[in-house]
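Single-structure report; data block below.
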Amino acid sequence: MPELPEVETVRKGLNQLTLNQEITGGDVLLNRTIAYPFSVGEFVDGIEKNAIATWHRRGKYLLAELSSPCSTSWLGVHLRMTGQLLWLHRDEPLHKHTRVRLFFGDQQELRFVDQRTFGKIWWVPPGVAVESIITGLAKLAADPFSPEFSVEYLASKLKNRRRPIKTALLDQSVVAGLGNIYADEALFKSGILPETLCIDLQLKQIELLRTAIIQVLETSIEAGGTTFSNFLNVKGTNGNYGGVAWVYNRAGEPCRVCGMPIQRIRLAGRSSHFCSECQTLRGVENRERRD
């Protein structure tokens with residue numbers, strides 16, 4: 001699933017390509033992709049003749065502010081497992097997994113391509129609170145790049161939780177936008193084993209973890225995100241972070257720090273990658289080796 005860096009990469013690309021451009025029409029090829037409104041015709045009518053004022057990101061959600069002479073509405077997108085937003089000329093052949101097409105001037109269009117069909121798109125009418133339609137937004141924790149994401153904030157989210165830190169980091173009510181890839185990477189950078197219980201973490205470890213989360217996300221955004229399966233940016237280009245990942249998807253390969261084989265285990269049904277030499281239950285003493 002695309003995580004914060006991949007969604008941020010898409011947001012930046014959309015702002016470069018679609019800003020101030022008017023949506024001239026739309027075509028929905030798979031009705032269930034449209035989460036709201038329930039009428040596909042109402043969705044197409046709602047977005048037509050609206051210009052893209054800007055694209056925002058909240059966690060893994062993309063939100064386009066749509067402006068018309070009389071009102072402001074919103075377009076929401078969640079890529080889920082395999083969703084892609086691709087900026088293409090209208091003459092480009094349709095991919096068989098194309099679900100929604102948004103038409104713009106100069107024969108350009110924005111296509112939502114989604115192999116697994118889990119992705120969703122919303123149109124929020126003028127005067128309606130975005131969170132009342134895209135209800136997942138109200139459950140999101142602070143964004144890692146927001147001022148709210150302090151050591152104290154993260155500590156308050158983790159304290160008294162008797163579950164593994166890796167599992168907690170995947171909870172969008174703990175950290176918005178983090179997923180399997182960057183949870184593994186941040187835990188390696190902070191020297192903490194994924195099975196460590198949240199309740200056992202010291203404040204110093206949480207401080208290191210917060211810093212590591214921000215660092216790995218920034219590094220991945222600079223690399224254009226990670227492509228292990230389906231992710232592409234709006235121009236159809238792969239992300240490059242996978243080539244420099246510390247542990248994710250590297251089971252059996254030598255650790256980039258100590259040379260020991262990277263291990264993989266299952267936690268709450270998800271794969272977790274780590275180095276048993278560089279990561280410990282306490283974690284703090286190993287941190288300096290990755291700076």
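Including glycine, each Cβ sits where the backbone N, Cα and C put it.
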### Query
With the ranges 71-105, 211-245, 246-280 to choose from, which does Swiss-Prot describe as zinc finger?
246-280
### Summary
Under 8 Å Cβ-Cβ from the zinc finger (246-280), and at least six residues away from its ends along the same chain, one finds 164, 166-167, 170, 180-182, 184-185, 187-189, 191-195, 226, 228, 286, 289-290
### Task
Determine the minimum-neighbour residue: among HIS97, ARG116, ARG270, listed as recorded positions, which Cβ has the fewest other Cβ atoms within 10 angstroms?
ARG116
### Task
Specify the nearest of the recorded positions GLU3, ARG116, ARG161 to ARG270 (active site, proton donor), where nearness means the distance between Cα atoms.
GLU3
